[in-house]
Amino acid sequence: MSTADALDDENTFKILVATDIHLGFMEKDAVRGNDTFVTLDEILRLAQENEVDFILLGGDLFHENKPSRKTLHTCLELLRKYCMGDRPVQFEILSDQSVNFGFSKFPWVNYQDGNLNISIPVFSIHGNHDDPTGADALCALDILSCAGFVNHFGRSMSVEKIDISPVLLQKGSTKIALYGLGSIPDERLYRMFVNKKVTMLRPKEDENSWFNLFVIHQNRSKHGSTNFIPEQFLDDFIDLVIWGHEHECKIAPTKNEQQLFYISQPGSSVVTSLSPGEAVKKHVGLLRIKGRKMNMHKIPLHTVRQFFMEDIVLANHPDIFNPDNPKVTQAIQSFCLEKIEEMLENAERERLGNSHQPEKPLVRLRVDYSGGFEPFSVLRFSQKFVDRVANPKDIIHFFRHREQKEKTGEEINFGKLITKPSEGTTLRVEDLVKQYFQTAEKNVQLSLLTERGMGEAVQEFVDKEEKDAIEELVKYQLEKTQRFLKERHIDALEDKIDEEVRRFRETRQKNTNEEDDEVREAMTRARALRSQSEESASAFSADDLMSIDLAEQMANDSDDSISAATNKGRGRGRGRRGGRGQNSASRGGSQRGRADTGLETSTRSRNSKTAVSASRNMSIIDAFKSTRQQPSRNVTTKNYSEVIEVDESDVEEDIFPTTSKTDQRWSSTSSSKIMSQSQVSKGVDFESSEDDDDDPFMNTSSLRRNRR
């Protein structure tokens, strides 16, 4: 687009483009806690000052999948401050909005809502940090969409086939087909592209008159054989691709010579990892589109915290460092000190005249100490810069360059290997699980479960806090294996069962689509179980509170009545306290309601725990046994019902210990009863609470009761 065409008129779209804001990153840090909020304020202010038609976000608006109340509140506050007003919106929507926003309860663009006064619409896809999760598949963007501040588009409702329907925009004579695809696991999306399961729909009328703009949030650089999306997978009719997820700022559009479209990679607006890609200056883009022509003007962000990074190799300075010198460590420290001082001077020099930039910069010095050198204490060294840098704990990163064996194929990027990932973009949980089982010994290999399924379950457990994900996957694959063995009518011999299980597992591993269905079904079960647990927990807590309140009220009434009778009979000798025997009895009597309530609650808890334990101990061989051979659970319930009848002296011994002889006799009686109660408990599948917190396979409801 020429300079004359770039002039704003009624036919020119002005779009502010940004990605990977990661709102709420390190919000609890005393120094860096407000960095993301300040930068979002600057981005929205730039949109208002440049009078853009709308804001386009490429995913990862939030850093956490479940952002905190502070993060959500600040985001809503800033969106209301800058995006609401009386300035009219100059473009219109031509496409069917019920298709573009069909997953929303309000399937229309927010500025056309009669109850809202929007001056700058915000269009956004979701990223891998704020993607939909849970039984209802909701994400943080859905909250903003329901509130009317963000238009969430590009969401795929199917995991088997994706049809991307564009949002059709028109301003004057300029028409834009806005395509969006929210974050999907790269391996799955890669396979869908290979199998021709991704379709980008085009307008039926005069399709060549539209400017095709595509927003995607996936790995662009190659992290594995299928753990990225090649640019060649995208359709060649696209004019411009806004690529999110990659944090290095490459906002200037570059042309793909094979597909003949342009790619703009805005990068993140906040430093989330101390890696070389984050050291590039941060920008947002002001995109102008007129007809089929475009112009991208990059705008530097002035509120981003400075980040300086430098690498040194000790072996490259033989004149300064000798590993045989006993004082070589002091020499290395002095050399590192000089390098850091130089970076701090550069930071102070660049910060002159910019009052909006944070005072303390981020500094990272990577030291290659291969060649016989030894690292020094980083914590002690960092104490010198506590008041001068924002990351005093990890200023220096020591690494050793190890020689790799010669391999055929592409070279290994050692820069990525030595960079410590901090947000899971280069090192993922499921890859670690897969790598572990591939290199593990034969006796610890999985024989029933699959590596892929376990990797997905562990990822859900770690990243999305789905505490039942691992347990439900194990249950689902176990049930499926049991059904397979029953259908084959295998003899109940351990050797034959093991052989059939291995054969069945290999068959499932080859069928990747079936394995994906298994993982999805298990995750759906886990999310549904979490929702049911939360509802039952809230109802259970309400019942407990009511029973405790009633018990306390009955206890207080009992105390008052007994105390009144005591005062009347004994006169002034004991006052309100009453006699020892009566007082002791009244206390025991007043606690009767509490004792009954607590024991009933404990009984319910133990019975539920027994049921869970019984289901967990279910093995494959048990599937061939008749249900009549299984022990009845009524016996256990009967034992507990006998334990419920406890004299009030048991509770008195635990709550109000005394030293009188009578109380000592009660104490011995109570001790014997408590021992008998514990013996009955040991007769059931009793689980110690010491290891429950570390057990990811434990039921969520059991964990909640143990924490009480």
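Using N, Cα and C of the backbone, Cβ positions are placed for all residues, glycine too.
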_Listed co-binder of Mn(2+) 1 (same site as ASP20, HIS22, ASP60, source Swiss-Prot) among HIS73, HIS152, HIS223, HIS247_ = HIS247
*Output field, Mn(2+) 1 shell: CB within 8 Å of site CB centroid, site ASP20, HIS22, ASP60, HIS247 dropped*: THR19, ILE21, GLY59, HIS63, GLY127, HIS129, GLY244, HIS245, SER268, SER269, VAL270, THR272
_binding-site residues compared (ASP20, ASP60) - highest count of Cβ atoms within 10 Å_ = ASP60
*Would you pick out, from the recorded positions HIS217, HIS245, HIS247, LYS255, LYS467, the residue whose Cβ has the largest number of other Cβ atoms within 10 Å?*
HIS217
*asked:* I'd like to confirm something. Which of the recorded positions, LYS255, SER275, LYS339, has a Cα closest to the Cα of ASP20 (Mn(2+) 1 binding site)?
replied: SER275
*Around HIS22 (Mn(2+) 1 binding site), how many other C-beta atoms are within 10 angstroms of its C-beta?*
26
*Where HIS245 (Mn(2+) 2 binding site) and HIS129 (active site, proton donor) are concerned, what is their Cα separation in Å, rounded?*
10
*Quick one: which of these recorded positions, ASP60, HIS247, LYS339, LYS384, LYS467, LYS480, have their CA within 10 A of HIS217 (Mn(2+) 2 binding site)?*
ASP60
